[in-house]
Amino acid sequence: MVDNIIDTDNYYAIVYTYKTIGLSKLYEHYIPEKDLINIRFSDTQVSLLQTCNRVELYLYTKDRNKINDILSKLNETHGKDISSNAIVLRGKDAINHLYQVASGLDSLAIGEYEILGQIKEALTSCKKHSLCNEEIELLFNAAIKVGRKVRSLTNISKGKVGIYSIAIQKSLEVMGDLTDIKIAIVGAGEIGSKLAFMLKNNGARNLTIFNRNLDRALELSNKFGYNAELLDFQKVNEYDLVFIAINNSNPSQLRLDKPKLVIDLSVPPVVYKTSNVIYLDDLRVISDNIILNKREDIKKAEAIINEEIQKFESLLNNYNMNRLVSRFMSEIEWVREKEVDRAFNEILKNYADKDNIKEIIDKMTYSLIKKVFSPILEDLRKDPNNKKQIVEYLIEVFQNGQFSDTKTQKIEKQ
């Protein structure tokens, strides 16, 4: 049996999301990049998709026990049991889940676009650290294509669907015109950058970016023509509209009572809940109402996903067949080269023009193999599902690159 065949049953997903454990506890499951490198086993591929809504590991392994080993490693690196509330998906279920995520169906805000970029970044990261190979790459690239297809064939992403778009929309409802409002963004990371861009498009002019790292705040503020300051929540409290999006490892909360509106997107929240504060969970309620209005689009998207899962299986079948054919032809080429050398040595006994003789034999044998095997291989490629075993059998006959001694002796006698 050939070892490098891709099997859908070898795909796994270890899932923690806002749906399964809640946003308030999700941060406890975050996996630092250095820990991801440590938990990965040599014969297991892994990619981490980690956002404010989810912590998900996508894996490819032929050994089911490796999943339990990785869960144990997660417990070890976190210093507590986090494996008991993990959802483990396998095969088509894991593929379906990633497709749902890529399509925006499993997002806090239905149809959001941001997730496609996050999936692409997850793939780039795992390749950069040599944590995954083509098996994961094929799946992630397919998921990105599915996400784009769903958005092009449905209205799932039409309107204000992204969580940050909903946050901006809520601020417009409460504050009205943003042109002269004093606005603060706490955090200069990916979310802070998106908020700054969207607020710029909505007319915000008097905006300051606060961050623990002033250089990062300056870099972002200069991009949009805003102000930048080192993070000081006493100063932040003097603004009319405040957005907060920072990594918060401290469960204690502070109060911001002067702003008219505070939208805290941090997990867990930074600010104590009062009447002027909106959490990520509050935006989720708005998102749920959007979902109710997009039920028909969700049905269409799910139908597309089911169809694309079948296409992915066909893609793998064709991919596997091409691998088998390539392997088979390499075995044939090995035999051909050996026969050329043997014939060449025989001819040398009677002829002196070595270069011309070997070129003639080489062209002759190559042409012979091509003529013999091209019709066979074309027929095999037409039906990869049912004829894969034939190619595997042919490879086994050659016994990983060489005829057995018994077969070789029989051929030489002939």
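Counting begins at 1 with the first residue displayed.
Glycine is no exception: its Cβ is also placed from the backbone N, Cα and C atoms.
What Swiss-Prot records for T51, C52, N53, R54, S107, E112, Y113, E114, Q118 is substrate binding site, and it gives sequence analysis as the kind of evidence. According to Swiss-Prot, the active site, nucleophile annotation covers C52, on the basis of sequence analysis. Summarising the annotation, Swiss-Prot assigns site 'Important for activity' to H97 and lists sequence analysis as the type of evidence. The NADP(+) binding site annotation in Swiss-Prot covers G187, A188, G189, E190, I191, G192, and the record cites sequence analysis as its basis.
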Rounded to an integer, what is the Cα-Cα distance in Å between T51 (substrate binding site) and G187 (NADP(+) binding site)? 15
May I have the list of same-chain residues other than T51, C52, N53, R54, S107, E112, Y113, E114, Q118 whose Cβ is within 8 Å of the Cβ centroid of the recorded substrate site, in sequence order? L108, A109, I115, I163
For S107 (substrate binding site), the number of neighbouring Cβ atoms whose distance to its own Cβ is within 10 Å equals 25
Just to verify a number: CA distance, G189 (NADP(+) binding site) to Q118 (substrate binding site), in angstrom, no decimals. 14
If I take the alpha carbons of N53 (substrate binding site) and I191 (NADP(+) binding site), what is the distance between them in whole Å? 13
Cα-Cα separation of G192 (NADP(+) binding site) and Q118 (substrate binding site), in Å? 15
For G189 (NADP(+) binding site), what is the tally of other C-beta atoms lying within 10 angstroms of its C-beta? 14
Look at the recorded positions C52, A188, I191 and tell me which residue has the greatest number of other C-beta atoms within 10 angstroms of its C-beta. A188
Quick one: among the binding-site residues G187, G192, which has the most Cβ atoms sitting within 10 Å of its own Cβ? G187
Can you list the residues of the same chain, besides G187, A188, G189, E190, I191, G192, whose Cβ falls within 8 Å of the NADP(+) site's Cβ centroid? I185, S193, K194, L195, N211, L220, A245, I246
As a whole number of Å, the Cα atom of C52 (active site, nucleophile) is distant from the Cα atom of Y113 (substrate binding site) by 14
Between Y113 (substrate binding site) and I191 (NADP(+) binding site), what is the CA-CA distance rounded to a whole number of Å? 13
How big is the Cα-to-Cα gap, in Å, between G187 (NADP(+) binding site) and Q118 (substrate binding site)? 19
